[in-house]
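Everything below concerns the one structure shown next.
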Amino acid sequence: MDSTFNELGVSPALIATLKDNNINQPTTIQQLAIPQFLQHQNLIVHSPTGTGKTAVFGIPVIETLLKKPSKGTTQTLVVAPTRELAEQIKTTFINFAKHTHLKVVSLIGGIPIWQQLKQLENQPEIVVGTMGRVMDLLERGVIKFEHLEHLIIDEVDLMLDRGFKRKLFDLLSRIEKFEQIAVYSASYNEETIETAKQITKNGIFLAAPELKQNAPEPDNKLIDQFVCYLFSNRKKQALYSLVSQTRAKSIIVFCDTKKLVDELCIFLRKNDVKTYPLHGDKAQFIRERNLKLFANTTAPIVLVTTDLIGRGIHVEGVDMVVNYSACVNFETYLHRMGRTGRNNHKGSCITFCTSHEKQAFLKLLEQVNDKRISPLRPMRLRLIPLKCKTQPKKGKLSLQSVQKIYVNPRSNGTFKRVPLAGDLFKSRMRQPERDMQKNKLHDSDWQSNM
């Protein structure tokens, strides 16, 4: 399948706008879904990370609304699980509708309601919102969607993970009428598919032939994956050593808790690393500001975050993703890794892994890379002192010396047993002798357990 946007039924004016946004050729899932959407079908779409999911529904929505006379009211409602994703979808719609009369607003938490109500007075054709704020306004009777053409639920699997199943059906019951409903997600399991069928009344399921799996598939060819075995009390210093020596300029560090995000930001800033935090307890204007600063800077920068931006958010040119703790969830690892290696931009994904996390993480990696992995020897971590005046010059040490976490099979099907990242944190400073002895003891313990 190799269609152009013109063959999919997209108008020349919109095609020109897409080219202005560097969208020249439809992806496989766009080729499948856009014609079905334009035929007013209810859809369940599997659009993995990096396949242009927002454009999958954004393009046909704009195309449909431009062909119909304006009703002077909201005609499209898009519901997303997070504020950041809702804002990104809004920005995409604004870019696509740049040369049209269509108006787009967002309804998200963290923004005063009166400001959003004032925007609604302009009768926008497209509203993008989070579940909480949209339901709040519906329950108050402040807004009504009486002439809705399209209802779009984005990242439905994440909504279910966050316990929004009941609210999804409450939303459907409160919207009096809509012509078409479409559900989109980067991954599907049995519960997600069953819920999506109920929501769409057995809508058409669409997935690109090479992507009919239960999880998103980042392009592993563009992402070098590494694992760093270390002790938990060395993680902070290891992170500092990594960001101080790598060539990467744009780094996202994923943490499991909001408290840890704040702790790491304070720690890295004290050691003169330009760092910004991002998590759900931050005020909305701070979240937006930090994400923009991270996305637009050309200087080396670190964004420390929870899984708030692990799904759906696209930041151009991310060089490296760091998992501060080993992921135990297959989809979480893939979504985090998918923040880099986008649009033919090579990236790295590095995971800090302690001894008790090792076995579970290796099994996860076998799923990701579709191959069995032999037990791997732990590395002996050499750390550079904090604020060390004699530390190596930034950019001098590349990641080329680090071996990939997966092992290429020999011709007879067996796998080599190799160390993973012995040279990752090389430094001019020698480790104290007592630490070296301690590491030797721990190394022997790990080795005996393999």
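Cβ atoms are placed via backbone N, Cα and C, with glycine included.
Taking Swiss-Prot as the reference, the stretch among 66-69, 154-157, 278-281 described by the feature motif 'DEVD box' is residues 154-157.
When Cβ atoms from all protein chains are considered, those within 10 Å of Gly52 (ATP binding site) total 17, not counting its own. For the binding-site residues Ser47, Thr51, Thr54, the largest tally of other C-beta atoms within 10 A is found at Ser47.
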